[in-house]
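Per TrEMBL, the features are:
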{"type": "BINDING", "residues": "H20, E21", "note": "Ni(2+) binding site"}
{"type": "BINDING", "residues": "C91, C94, C107, C110", "note": "Zn(2+) binding site"}
Amino acid sequence: MYHTQGVAPCCLVAGVAKMHELSLCQSAVEIIQRQAEQHDVKRVTAVWLEIGALSCVEESAVRFSFEIVCQGTVAQGCDLHIVYKPAQAWCWDCSQVVEIHQHDAQCPLCHGERLRVDTGDSLIVKSIEVE
C-alpha cells in the first residue's frame with residue numbers, strides 16, 4: 001500500500017457526471033498512474049479517497065466519474081473507498097479551532113457565525129493498494 005498526495009477540491013445529474021467531479025477524478029487517477037509508474041505497479045486493486053465535508057461533491061457522482069476515468073488504466077476495476085473528513089474552521093467569537101460539516105455552519109462551541117474555514121474542500125488520494 002502506498003500513501004500519496006492530495007488533489008485539489010470532484011455530481012451526478014440524470015446519469016451524467018458533472019465536469020467538477022470528472023476533472024477531480026481525472027486528477028486523482030493521474031496521481032495513481034504516476035505512483036504506479038514510479039513503483040513499477042501493474043495493477044491497482046483499491047484506492048482510498050478522502051473527501052472534505054465542504055468539497056461540494058456527491059459520492060454517487062465521484063464513484064461514477066472514477067469508474068469512467070479508470071478505464072484503460074492500472075486502476076480499472078479497483079475498489080474505491082471514500083472517507084469523509086470534517087472541515088476545520090477558526091471561530092472569531094470564541095477563538096477556537098472547530099470542526100464543521102457544511103458551509104453555513106455555526107460554531108459548535110459558542111454558536112457564533114464568524115468562522116474562517118481553514119480546511120475541508122479537498123479530495124485527496126490517501127492510499128493505494130496494489131498487486
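Glycine residues also receive a Cβ, built from the backbone N, Cα and C atoms like all the rest.
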Fill in the CA-CA distance, C107 (Zn(2+) binding site) to H20 (Ni(2+) binding site), as an integer in Å.
29
Just counting, how many other CB atoms are there within 10 A of the CB of H20 (Ni(2+) binding site)?
18
Measuring Cα to Cα, how many Å separate H20 (Ni(2+) binding site) from C94 (Zn(2+) binding site)?
35
